[in-house]
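Straight from TrEMBL, the features:
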DOMAIN    5-43  domain 'Beta/gamma crystallin 'Greek key''
DOMAIN    44-86  domain 'Beta/gamma crystallin 'Greek key''
DOMAIN    92-132  domain 'Beta/gamma crystallin 'Greek key''
DOMAIN    133-170  domain 'Beta/gamma crystallin 'Greek key''
Amino acid sequence: MSGPHEITFYEEKNFQGRSYECMSDCSDMTSYLSRCQSCRVESGCFMVYDRTNYMGNQYFMKRGEYSDFQNMLGMRDCIRSCRMIPMHRGQFRMKVYERENFGGQSHELMEDCDNIMDRYRMNDVQSCNVMEGHWLMYEQPQYRGKQMYMRPGEYRSFRDMGMSGMRFMSMRRIMDSCN
């Protein structure tokens, strides 16, 4: 019986080579595996990153098998860190701002938004305040393109988080079922 959150990483594609089982956050997987090219999510949801310390490109992983990251996710690199996404029951609330430091036009979201431009006439989101729940932000409308995981907290500048040049055009709640 697997726990509430469990992910197993493998050095090679197709679940081959050495493996590392993880049930929480791991800021540097290189101490366990020299590289990581496939994984199985037994339960729960995770964000994986192609750089250590939760930096670089981010990918959302829900329950399932990922036999080849490079092909399945378009990753150019291996996974170097991962973060467990806790289950959240209750409301979701996030306020998004057009400019850094909570400036410019703002809107409060409580539901998924597939296109911030169409819905709110905002052509950019540079900062946000996540009051409740865990969210995924996407570079393109319709939940496509690069992703960024947002947990409760204030995010004054996406640029300072290593997201310079990225625009976020859609946002989705990470729900209990992790679907």
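Including glycine, each Cβ sits where the backbone N, Cα and C put it.
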Reported mean pLDDT - the domain 'Beta/gamma crystallin 'Greek key'' (44-86): 88
Long-range neighbours of the domain 'Beta/gamma crystallin 'Greek key'' (133-170), counting only residues six or more past its ends (CB under 8 A): 47, 55-60, 83, 85-86, 88, 90-94, 96, 100-102, 112-118, 123-127
Positions whose Cβ lies under 8 angstroms from the domain 'Beta/gamma crystallin 'Greek key'' (44-86), at least six residues beyond its ends: 4-7, 9, 13-15, 22-30, 35-38, 134, 136, 146-149, 151, 162, 174, 178-179
